[in-house]
Amino acid sequence: ENISDFSLNITDCTQVVVPEEVFFTVAAAGILENLLILIAVVRNKNLHLPMYFFICSLAISDMLGSLYKTLENIFIILCKMGYLTRHGDFEKKLDDAMDSMFILSLLGSIFSLLAIAADRYITIFYALRYHNIMTLRRALVILAIIWAFCAGSSIAIALFSYEAATVIPFTILFPLMMFFILCLYVHMFLLARSHAKKIALLPSSTVHHRTNMKGAITLTIFLGVFLCCWAPFVLHILLARFCPHNPYCACYMSIFHVNGTLIMCNAIINPMIFAFRSPELRSTFKKMFYCSR
């Protein structure tokens with residue numbers, strides 16, 4: 001907030017503020033949609049598969065992102081009303097906890113996308129050995145390692161967020177992991193056709209291949225949406241740390257609220273893609289709604 005106030009003195013860019021009604025509506029929708037994903041996977045035993053567990057991991061990350069922005073906005077409102085101070089010890093610890101939740105959400109989303117991409121890769125190119133390679137127990141171990149690493153990293157980064165040695169690796173990790181996932185997808189698409197010829201003689205191989213390619217396209221959409229929603233906020237963090245007094249950087253940081261809203265939009269878009277492109281989840285949603293009625 002201090003950076004935003006200072007930016008008004010060195011740039012003509014007007015601070016863009018998202019109405020609180022819109023902010024909380026988007027956040028609530030993201031939390032409810034991802035909660036619906038989790039309930040659907042838990043209730044339907046046919047969805048107790050590694051791929052859907054990785055999708056649940058991504059849904060939890062999206063929920064944390066929406067929850068973080070919601071709580072942050074509530075605390076800002078309380079500060080403006082005078083119930084909280086800006087520089088107290090309690091508020092400092094609260095701010096560190098919020099930062100830790102944000103970093104946990106971002107890292108959890110990145111590594112969940114990586115796990116989903118790796119799972120799809122194995123499904124396409126090692127279809128006959130998939131159930132031996134990616135067992136349910138192995139998937140749970142992978143998720144446990146991912147979230148343990150993300151939790152430890154989020155706490156460490158939040159505590160030492162004022163050090164450049166902490167901010168630089170954090171900001172480098174985002175494009176590095178995205179580039180790795182993108183390379184994985186490009187490799188999948190380049191080899192998919194040649195691999196399809198090798199399994200063309202197997203029963204229902206064409207249907208199986210089309211299903212896998214549809215899944216790869218869906219995950220590519222996930223990656224594109226994730227980049228569009230998270231990259232502006234990560235760029236904001238980088239600019240706020242290294243060039244807060246530059247007029248151009250300050251002008252970009254004037255859309256801070258818009259970048260925060262994009263994070264919550266990602267939590268809304270992902271479940272919509274799941275619902276419309278996954279027949280299993282669509283069927284489960286219909287059963288859940290019919291039972292509730």
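Quick reminder: no glycine exception, Cβ is built from N, Cα and C everywhere.
All TrEMBL annotations are machine predictions without curation.
Remember, it's a predicted structure, so these values are computed and weren't measured experimentally.
With a cut-off of 8 Å between Cβ atoms, the residues of this chain six or more beyond the transmembrane segment (22-42) that come close are 48, 52-53, 55-56, 59-60, 62-63, 65-67, 69-70, 73, 257, 261, 264-268, 270-272, 274, 281, 284-285, 288. Annotation comment: TrEMBL describes 22-42 (among others) as transmembrane segment.
Feature annotation from TrEMBL assigns domain 'G-protein coupled receptors family 1 profile' to 33-274.
Beyond the transmembrane segment (49-68), the same-chain residues lying 6 or more positions past its ends with a Cβ under 8 Å from any Cβ of the stretch are 26-28, 30-31, 34-35, 37-38, 41, 98, 101-102, 104-106, 108-109, 112-113, 115-116, 119-120, 123, 134-136, 138-140, 143, 146-147, 222, 263-264, 266-267, 270-271, 274, 280. Look at TrEMBL and you will find 49-68 (among others) tagged as transmembrane segment.
The annotation transmembrane segment is assigned in TrEMBL to 102-128 (among others).
The feature transmembrane segment is assigned by TrEMBL to 140-162 (among others). Beyond its flanks by at least six residues, the transmembrane segment (140-162) meets 53-54, 57, 96-97, 99-101, 103-104, 107-108, 111-112, 115, 170 of its own chain at Cβ-Cβ distances under 8 Å.
Here TrEMBL flags 168-192 (among others) as transmembrane segment.
TrEMBL lists 213-235 (among others) with the feature transmembrane segment.
The transmembrane segment feature in TrEMBL is assigned to 255-276 (among others). Only residues 6 or more beyond the boundaries of the transmembrane segment (255-276), in the same chain, are considered here, and those with a CB under 8 A from a CB of the stretch are 4, 16-18, 22-23, 26-27, 29-31, 33-34, 36-37, 55, 58-59, 62-63, 65-66, 69, 72, 105, 109, 218, 221-222, 225-226, 228-230, 232-233, 236, 282, 285.
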